[in-house]
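Colleague: Below is one structure. I have some questions about it.
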Amino acid sequence: MQQGTLMRKVKSKSWKKQRYFKLQDDCMTIWYQSKKTGKIESAFSISDVETVREGHQSEVLQSLAEEFPPERCFTIVFYGRRSNLDLIAGSAEEAQCWVQGLRQLIEPRSFPLTFALVSCTWIRDWFQKADKNKDGRMNFKEVQRLLKMMNVDMNEDHALRLFQAADKSESGTLEGEEFVLFYKALTQREEVLSLFQDFSEDGKKLTLLELVDFLREEQLEDEGTEELAMELIDKYEPSETARARHVLSADGFLMYLCSPEGSIFNPRHRALWQDMSQPLCHYFISSSHNTYLMEDQIRGQSSIEGYIRALKRGCRCLEVDCWDGPNGEPMVYHGHTFTSKIPFREVVSTLGKYAFKVGHPWVLGVMGGPQQVGGTRLQLRAVMEDSRSHGGDGSLKVPTSPPATRQELKHKILLKGKKIGRLEDTLDGPGDEAPDVSDDDNGAEAEEERRRAKVDGGTQHGSALQKDKETLAQALSDCVVYCKSVSFRGFQEARSHSRPSEISSLAEAKARKLIRDAGNEFVRHNAWQLTRIYPSGMRTDSSNYNPQEMWNVGCQIVALNFQTAGMEMDLCDGLFSQNGCCGYVLKPPFMRDEETLFNPSDPSSREGPGPVTLTIQVISGQQLPKVANSKDGAIIDPLVRVEIHGVPADQAHQETKYIENNGFNPRWDETLQFQLHVPELALVRFVVEDYDKTSRNDFVGQYTLAFANIKPGYRHIHLLSKDGTSIPPSSLFVHIRITE
């Protein structure tokens with residue numbers, strides 16, 4: 001048997017082991033084995049791979065840059081929290097062969113092909129798992145084991161009937177196409193077939209006019225319906241003969257319902273669909289806290305991977321904590337803790353590569369203020385030089401004056417930090433105003449600055465060094481144009497003395513108090529000035545607060561720990577999955593008016609139409625995943641909970657009954673109903689759990705989206721894992737109605 005390609009698997013500068021890597025014949029699985037023992041160490045599916053990065057694009061490979069050229073290095077990045085795989089090929093040609101080959105296998109294709117590929121991969125994966133003796137065929141005992149693995153608790157007689165019907169060769173085993181027949185019989189969608197037959201006169205096909213009727217009556221498509229029907233037939237009907245006759249078969253109907261056009265998420269809202277010419281303060285902005293951290297706030301790993309993942313997730317506000325490092329090298333880490341450190345240069349280099357994939361502006365928060373970024377002359381100069389030498393086209397593009405609209409900030413970096421002097425002094429000439437102290441100052445950090453000032457001021461040398469630092473700090477301060485950090489001293493003080501180019505940072509507890517005591521004033525404040533909210537210092541485990549209550553008063557920069565999965569990040573991903581995933585979502589009109597009367601605690605203060613009723617019929621589920629670390633043979637008892645996150649009056653949740661022992665094709669047919677007083681701020685979260693009568697239910701999957709992005713009608717909800725990654729082909733089938 002061919003051994004595969006010999007490459008170095010790298011975990012650290014000193015850990016480099018040679019392994020054989022091989023793509024299996026199914027073109028969907030890669031395994032690697034030890035060169036020394038020949039033992040297969042691990043395997044992964046192509047469907048697990050998110051992307052492939054060429055060159056030194058990880059800390060480990062960057063540390064080996066002098067030993068191995070970038071042409072031989074590449075990184076395989078997996079979905080979710082699985083560690084990346086850093087590899088060094090024997091030659092540049094071998095590296096390119098793997099990089100290009102993997103990209104060909106994982107690149108997005110048109111949806112019908114992707115849907116078919118997912119189904120094909122799913123079938124093949126299950127066949128390989130159940131074929132214990134690896135003889136390429138399955139007997140009935142192996143099929144019974146497969147059903148348990150697939151979350152199916154089926155009557156043995158019924159399973160045997162399906163098995164015998166698929167065994168065309170009457171060999172007592174299933175192989176190849178026979179297993180595909182068995183799988184198709186197993187996955188027959190009775191609820192979809194019934195819906196299809198409701199609109200089909202002969203029960204075998206939908207004519208063009210019948211499909212138009214379905215789209216108008218059930219899917220509430222009201223524009224260009226005939227053209228849409230033709231497009232759907234051309235796109236999703238697998239039979240050439242049916243396409244030529246402009247009819248849709250039951251298979252094509254199911255393909256359509258499982259497609260983006262059949263998704264609960266309005267496909268028109270996937271791309272940019274909102275007005276992007278408003279002032280920056282009129283948008284919610286996807287924001288991260290301590291972006292460099294991969295784990296907890298005390299001993300966690302710092303990594304450029306944190307920046308890469310946040311940016312690819314649509315984050316537009318990043319944080320950098322810059323501190324003294326050895327040999328004049330500024331380092332990024334969580335100050336006064338035991339977190340690991342990464343060179344500032346690597347952070348800037350990474351931002352230059354990934355931050356300008358789209359033209360939308362992003363905010364870079366340099367913590368510590370202009371006189372605390374680095375502790376020596378050389379380090380401050382290094383920060384300045386690096387900041388000025390990197391960007392989308394090789395230069396740091398900071399605005400030279402406060403822009404009127406967000407559009408004017410395209411391809412710009414907004415440096416958020418403290419400022420020496422007033423903004424007017426920067427534009428007209430240097431000033432002598434003392435730096436502001438923002439609310440998010442770390443007490444230990446401030447104490448350290450006072451200690452340094454005392455030590456430096458005690459000698460002539462210290463005085464000269466301090467002067468040098470101040471000169472460089474002024475240069476960095478001059479880059480702070482739009483997001484000058486200022487202390488928050490009350491709404492009246494802000495309205496009298498603050499400017500739209502300034503930003504205040506508030507801890508979550510202080511923000512909550514302001515929401516309780518002065519909700520309307522908070523909304524008005526956020527209509528003209530930026531506010532940043534950050535997690536409590538007590539959240540050393542990198543847990544998150546609920547961002548919804550901050551969005552309810554219009555706070556734009558609601559910083560979350562992106563590395564921590566959970567409901568809070570589900571809401572964040574759900575809000576920002578729209579509008580081209582650009583990281584900006586336009587606030588509703590009543591939150592952009594500086595004289596608004598809106599208060600989230602009083603829904604009647606909202607100007608506009610009255611409440612709406614959201615009716616959700618939860619029909620069925622398909623191929624739900626098993627709970628992680630569950631026992632062999634365990635089958636889930638799934639239920640669906642629908643949660644509404646919005647203003648206090650709209651907060652609600654309802655759930656279906658649980659279905660015993662069926663995670664493969666559970667059927668609920670239950671209707672849930674919600675009244676929304678402020679639908680513009682509502683997020684809807686669908687959660688599937690495994691019911692447990694003696695302990696907490698186990699998480700199975702979820703999907704979250706803004707109410708504004710819901711498409712009514714018969715829709716599929718494609719579930720996501722706890723990490724926010726897709727888990728095909730797991731889905732829910734629902735019917736949605738929205739009435740006023």
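The backbone N, Cα and C atoms fix where each Cβ goes, glycine too.
Sharing the feature lines straight out of TrEMBL:
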- 426-447: compositional bias 'Acidic residues' (COMPBIAS)
- 1-107: domain 'PH' (DOMAIN)
- 118-153: domain 'EF-hand' (DOMAIN)
- 154-189: domain 'EF-hand' (DOMAIN)
- 476-592: domain 'PI-PLC Y-box' (DOMAIN)
- 592-721: domain 'C2' (DOMAIN)
- 385-408: region 'Disordered' (REGION)
- 423-466: region 'Disordered' (REGION)
Colleague: Taking helix as H, G and I and strand as E and B in DSSP, count the residues of the domain 'PI-PLC Y-box' (476-592) in helix, strand and coil.
Modeller: 48 helix, 21 strand, 48 coil
Colleague: Could you break down the residues of the domain 'EF-hand' (154-189) into DSSP helix, strand and coil, giving a count for each?
Modeller: 21 helix, 1 strand, 14 coil
Colleague: Using DSSP, tally how many residues of the domain 'PH' (1-107) sit in helix, strand and coil.
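Modeller: DSSP composition of the domain 'PH' (1-107): 26 helix, 42 strand, 39 coil.
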Colleague: Mean pLDDT for the domain 'EF-hand' (118-153), as a whole number?
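Modeller: A mean pLDDT of 71 is what the predicted model shows over the domain 'EF-hand' (118-153).
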